[in-house]
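A.B. asks: Dropping the structure in here first, questions after.
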Amino acid sequence: MRLLLLTALLALLLQHATAQDDYCFGKDGERGQTRQFSSKTAYQIAKGTHIDKQYQVPGCEPKKMWIFHRHGTRLPTVNTIKEAPRLEDLRDLIDKNYNVLRTKPETNALCQIDLFGIKMWKWNASITVDMEQHLTSQGYEDLRGTAKLYQRYYPSVLSSKYNNTHYYFRHTDTQRTTESFKGFAEGLFGDSRVATAADIPEQDLLLRPYDYCTDFKNKNYKGEGSEYYKFTNSRQWNQTMEDIGRRLGFTYLDEKDIMLMYDMCRYEQAWQVDRTSVWCAAFLPEQVNVLEYAEDLKYYYEAGYGFPENERFNCRAVQDMLKHLSTPASPQVVAYFAHSAGLQTLLTGLGVSRDDVKLTADNFDIMSNRRWQISKLGPFAGNFVAVKYSCPAEREQEKAVFFINQNAVQLNWCNVGLCNWSDVMKNYKTINEANCDEYYCRSGASAGQASLLLSALIAGIVYLMH
């Protein structure tokens, strides 16, 4: 009898110890995986923390700035908004799995805090399809915050008084970039209404070059045969999907449902950075590693170093930066407000965060320290800032520092982030001297311009006929 009681007691202790070892998102004070949400990572979580040690250049004075800013945190796409109510069904099924069907797994189960959080979750039905991809209030604050921070470190360049010869602003033709510009302007000047943005051209080859390049649109970066496709059909991926479903009490859970939960986790975390999304509890940190790598693969081949032509794609933005910073003439500050693809292709064109080993479906295990990590490079409100310095006492009197999300960029031909301007021009000589119409895209740019020319010609003929 004593042996039986002792055995039962040991079993209970073992069960308790195992439960204590299960990951609990609600009790995790670090939640490091929230820094790994790819392009949906919150800026407040991803931003650098050492700019105060990197912006000062002894003996030098900042003179000009060039900024390429992704829009801030936004609402989901139409498809995600339409699918979001499905999460309430999944919420109820998970609760049923744990409390009725008793299919809670023996290991890696949801803790009570996480389970209760999911049980209490409700979709915000005020988010409707007509608001798809609109900037959120947090997104506005993202941009207001970056403006105030850079102004704190560069007050002589980022003046708090608006002057249209000192500043040049431009954004794309979307609500989220328009409002991002306003947030940035409010951060600088206290009132967004005092600043004006340049007119948006009919064909925005500077900020949306991907809209006019058939080659860019047609390349296989995630379809069958791509590295992304191989990875998301690999044994490791399938096992990860199975483990996530089992953690939630399912024998089988459709991958589409898993990705919906993952998207909601990331959106909600970015919308309210001081709170947590209960849907993030569905994923163990090691599972987020796998999900993040899949997206890095996708972006690596869509806009990164996966295809050589991606390095030429943002030719115009690189040239614009070099032209602006090469002359002392006004404006002193150029700031663009655009999108993820534009920011990523800009970084690729500049050779930033290039890995020595190419990202593939087969080398996930050795790429944990990869440089191409969109969570760090292109989160919501991601930004690339180039600062030109004048250093009169130096042999090389013109220098520059580049920042990505408040982190100084480390280029191997620069000195701990500080670059001689002559080296900048030397290293970007090819792209700077290129004819971007021919250089950036083999198919789309000329076709788009031909289309505009044809339209003008037809309009002229019609006018003459009348």
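In case you wondered, yes, glycine gets a Cβ from its N, Cα and C as well.
Bear in mind that the values here come from a model prediction, so they are computed numbers and not experimental data.
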A.B. asks: Please name the cysteine among Cys315, Cys391, Cys414 that TrEMBL pairs with Cys60 through a disulfide bond.
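C.D. replies: TrEMBL lists the disulfide between Cys60 and Cys391.
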A.B. asks: For Cys419, what is the disulfide-bonded cysteine listed in TrEMBL, choosing from Cys414, Cys436?
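C.D. replies: Here TrEMBL pairs Cys419 with Cys414 via a disulfide bond.
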A.B. asks: Same-chain residues six or more away whose CB lies under 8 A from the CB of Cys414 (disulfide bond)?
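C.D. replies: Those within reach of Cys414 (disulfide bond), by Cβ under 8 Å and sequence separation of 6 or more, are Asn420, Asp423.
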A.B. asks: Do you know offhand how many angstrom separate Cys265 (disulfide bond) and Cys419 (disulfide bond) by C-alpha?
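C.D. replies: Here the two Cα atoms lie 39 Å apart.
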A.B. asks: Can you tell me the three-state DSSP label for Cys419 (disulfide bond)?
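C.D. replies: It is in a strand.
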A.B. asks: Please report the distance from the Cα of Cys391 (disulfide bond) to the Cα of Cys419 (disulfide bond), rounded to the nearest angstrom.
C.D. replies: 12
A.B. asks: According to DSSP, folded down to helix, strand and coil, what is Cys391 (disulfide bond)?
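C.D. replies: Coil, per DSSP.
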A.B. asks: Cβ-Cβ under 8 Å from Cys280 (disulfide bond), same chain, 6 or more residues apart: which ones?
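C.D. replies: Within the chain, Cys280 (disulfide bond) has Cβ neighbours under 8 Å at Phe25, Arg31, Gln33, Thr34, Cys265, Arg266, Gln269.
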